[in-house]
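Q: The structure that follows is given in the form of structure tokens.
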């Protein structure tokens, strides 16, 4: 019964998780939160991660009721993500692997999300909508690869939401996306925004530029409220995501849809996806904030699958990469 320890720190979340044979034994996490109107810089984020990662490691072992002798493998996020935070976590993972004399595994962050979603929901072969601050992709498995059917051609949907939050000075605590979701529930007017779907791909930079240009004027003249803008942005970008996901499901003949990534926590997105799935006679799978948002257990779970399939990462190849596409990884652990 292998137990895998996973380190995740590709953005402003830092987590350490422990998974043993499909059971999450521990999954503590910390978030680097910046003041309203600001984002998180790589150097500052890395310093935050370094300041808490050893405490998280001890917390994870204690919560799991394990010692270093009980761990069979160390997994860490190899990429994609922000350079400095990735490096800060990879250094700790490499050090722990050598101190404890354990094999090391570099995990693709996106595949970590997918494998955690499959584990928690029980979805067998879903079309995956992966939506986060750094990535937006529609994915399906075929012939040992997670194939990307559609994606953003510029910025991720989560990045669009985060930057919109800065325009309105919306709090980053607990996250900009969560606060936008709560404000959107009070919105009453749908403001027409650019809707950009290009085949199987989407674009969010135009809608963001439009809002940055008109938001303050519209608010000053009383044309709409901040809540109306939050509501309108959600309805527009989520409709775009539902459209390309449905198109991918039609192409694949899929009867399952799985939402993963931090934006996947949004209940309005889940509601819109659920409606689409019901109309297609399909089933929607989604997780809550424990597993949607970046966490160590998802890296541990993907690492567990890779470990069981015989994967190992030599120390000489245990670097990180900010660009690491989902379809670059050979998925040897699935039929």
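Start at 1 and count along the chain as shown; that gives each residue its number.
Using N, Cα and C of the backbone, Cβ positions are placed for all residues, glycine too.
What TrEMBL says about a protein is an automatic prediction, not a curated fact.
Take a look at what TrEMBL says about it:
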DOMAIN    29-300  domain 'Gcp-like'
BINDING   109, 113, 130, 294  divalent metal cation binding site
BINDING   130, 131, 132, 133, 134, 162, 177, 181, 266  substrate binding site
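Give me the local environment of each listed feature.
A: Sequence-distant contacts (6 or more apart, same chain, Cβ under 8 Å) of residue 113 (divalent metal cation binding site) comprise 130, 132, 260, 261, 298.
Sequence-distant neighbours of residue 177 (substrate binding site): residues of the same chain at least 6 apart with a C-beta under 8 Å from its C-beta are 158, 161, 162, 165, 262, 263, 265, 266.
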Q: Considering every residue in the domain 'Gcp-like' (29-300), what is the mean pLDDT value?
A: 97
Q: Identify, in sequence order, the residues in the chain of residue 109 (divalent metal cation binding site) that are 6 or more apart from it along the sequence and have a CB within less than 8 Å of its CB; answer 'none' if there are none.
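A: For residue 109 (divalent metal cation binding site), the qualifying residues are 8, 10, 77, 78, 79, 80, 81, 294, 299, 324.
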Q: Taking the mean position of the Cβ atoms of 109, 113, 130, 294 as the divalent metal cation site, which residues outside that list, in the same chain, have a Cβ no more than 8 Å away, listed in sequence order?
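A: Here the nearby residues are 10, 110, 112, 114, 132, 135, 260, 261, 262, 298.
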Q: What's the most sparsely packed of the binding-site residues 132, 134, 294, counting other C-beta atoms within 10 A?
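A: Ranked by other Cβ atoms within 10 Å, the binding-site residues 132, 134, 294 bottom out at 134.
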